[in-house]
Amino acid sequence: MSQLSSRHLLGIKDISPEDIQLIFETADNFKDVLNRPIKKVPSLRDITIANIFFENSTRTKLSFELAEKRLSADVVNFSSSNSSVKKGETLIDTVNNILSMKVDMVVMRHSSPGAPHFLSRNIKANIVNAGDGTHEHPTQALLDAFSIREKLGDVAGKKVAIIGDILHSRVALSNIFCLQKLGAEVMVCGPVTLLPKYIDTLGVKVEHDVQKALEWCDVANILRIQLERQQIKYFPSLREYSLYYGVNRKMLDRLNKEIVIMHPGPINRGVELNSDVADSEHSIILHQVENGVAVRMAVLYLLAGVK
Ligand code: CP
């Protein structure tokens, strides 16, 4: 297989294990390119990509922009906070105006679940979902699984615990789909108020004791408490959350085994993850960020080739 099965990347739910393997093999090649003195290839020289961000981002936005520039694409960036969206312009009008300037691909982050799916039905360009509300964040899941594969040799057969605010996390849902498609076992762990009601339908183990989750898993992916999406109180205080659900060095020292610690960022240090773990030899957090560029290069390159 040398081509993706879809011209958009809207979510991991919609793509096949073969698509994921093709993205990983392509990302391996681009990772080699990124380790060379000249980190640029001409693959997307005739392609123009618009990065359209309606929500804040550091890693995803910079990573996509760097991936596009390493592929020699022309790049335009749009941020809703200083745009005509503030004057009432709709999503479709905004994107159609950008596309009329001869843009081929759109990378979009939006706070509404389904916004990129809606866009894909109404415009001609390839769409990449860079995070839609609490729904999916497909390239984050791909770079997370790629990082596990790099660290442990394979994803199949590994036990991955996703710990924290599962309810508000698009990273959790995309990771569950991606890890399961690649043959990993998945556990979610957090307070019952921060697990979605439909969790039983996802085929994951559920645990509420973080120490037990750490004992079970090969990899712990710790998620941020997303206060900006919480309209009501899901736990009494951040201090109490940290006390019962935060991961600290003492918990790792009690384990009699190797463990890999991941976090998609941004980290609330001292809340879901202490610095003595985030910055420890167990952590591959900055490798995740590094791998994000190669994985996003692979996604953009492959999507541009889908007829
Ligand atoms: N992991 C992630 O999506 O980070 P940003 O919100 O900074 O892009």
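For all residues, glycine too, the Cβ spot is worked out from N, Cα and C.
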Per TrEMBL, which of R109, R239 sits in the carbamoyl phosphate site along with R59, T60, H137, Q140, G265, P266? R109
Where ligand 1 binds, which of the binding-site residues K87, R109, R170, R224 are close by, with Cβ under 6 Å? none
What residue among the binding-site residues R59, K87, H137 has the most other CB atoms lying within 10 A of its CB? H137
Of R59, T60, H137, G265, P266, which binding-site residues are close to R224 (L-aspartate binding site), meaning a Cα within 10 Å of its Cα? G265, P266
If you count the other CB atoms within 10 A of the CB of R170 (L-aspartate binding site), including all protein chains displayed, you should get 23
Can you tell me the CA-to-CA distance separating R170 (L-aspartate binding site) and H137 (carbamoyl phosphate binding site), as a whole number of Å? 5
If you count, for each of the binding-site residues G265, P266, the other Cβ atoms lying within 10 Å of its Cβ, which residue has the minimum? P266
I'd like the Cβ neighbour count for T60 (carbamoyl phosphate binding site), meaning other Cβ atoms within 10 Å of its Cβ, all protein chains included. 24
